[in-house]
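Per TrEMBL, the feature compositional bias 'Basic residues' maps to 216-229. According to TrEMBL, the feature region 'Disordered' maps to 216-240. The annotation transmembrane segment is assigned in TrEMBL to 35-57, 63-81, 88-108, 114-135, 147-165, 177-198.
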Amino acid sequence: MEIKLLKNLTEYESEKLVKFRSLVIFSKKLRMGKYALFITLWVLYFVSILLMLGDLLLTELNIYVLGFYALTNATLLYRLFGVCWCTVIFHGLIPLAVLIFMIVVHWFDDLKAFLVSSIVIPLAIQIVLAIPLVLLRCRRDCNLQALLTGIHAHLGLMVIIIYFWTACFLLRRNMAAALLCMLYMLVYLAIILTPHLYGVTRQLFEKYIPKFKRKVKSKNDKKKKKKTKLNPEQAAPSRN
């Protein structure tokens, strides 16, 4: 009985050690994933800043272009710095400031023009709809919070895409500035989708790289077998 108990204890301890090792390996992978994601986000953000500065210099600090970059950076706050009271305040105040500035500047001249209305109207609708979407999130239902957050995020992305189209194609600007704006938009979308792209690429690598290694190994084994068939004297060990 004592021997059986000792065997069971050793097996149990070995299982615990295996689980602990797997947990340590998983935590290391998770940390490396977080670090890689963090570095990727900030590298992309640095590239977006360079593109933004180049576009602003080429357009001579145009008001519409400044508003576009203010809105995009307001949406990037959550991705770069996380959700806290400071990022929430800036995320809410920057679109409101852009809307008020556009209305005040164009109140007496061309507020009804298509260029201004294509910016002001979607932005005003997004701000008005954001109030109930944010207030309803105070409930404790996680599914409702996720749904309202998704609606708010998709509406905000639609506003930015409309603003991008207006700032990039409806304004009179040179080709270089438009190209920089388009590149900035691609980098912006890459920053927004970085966690999803990182997860997808990691799954693809984990799924297909082992298969690729097996194929390469099988090809090398076949080549070795062919060589041994062609040169049996070299493959056979010498008996001298």
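In case you wondered, yes, glycine gets a Cβ from its N, Cα and C as well.
Among the listed stretches 88-108, 147-165, 177-198, the one sharing the most Cβ pairs under 8 Å with the transmembrane segment (35-57) is 177-198.
Non-local neighbours of the transmembrane segment (147-165) in the same chain are 67-68, 71-72, 75, 118-119, 122-123, 125-126, 129-130, 133-134, 136-137, 181, 185, 188, 192; each lies 6+ residues outside the stretch with a CB under 8 Å from one of its CB atoms. Sequence-distant contacts of the transmembrane segment (114-135) (same chain, six or more residues past either end, CB-CB distance under 8 Å): 64, 67, 71, 92, 95-96, 98-99, 102-103, 106, 148, 151-152, 155-156, 158-159, 162-163, 166, 170-171. Same-chain residues lying 6+ beyond the ends of the transmembrane segment (177-198) with a Cβ under 8 Å from its Cβ atoms: 33, 36-37, 40-41, 44-45, 47-48, 51-52, 54-55, 58-59, 65, 68, 72, 75-76, 79-80, 157, 160, 164, 167-169.
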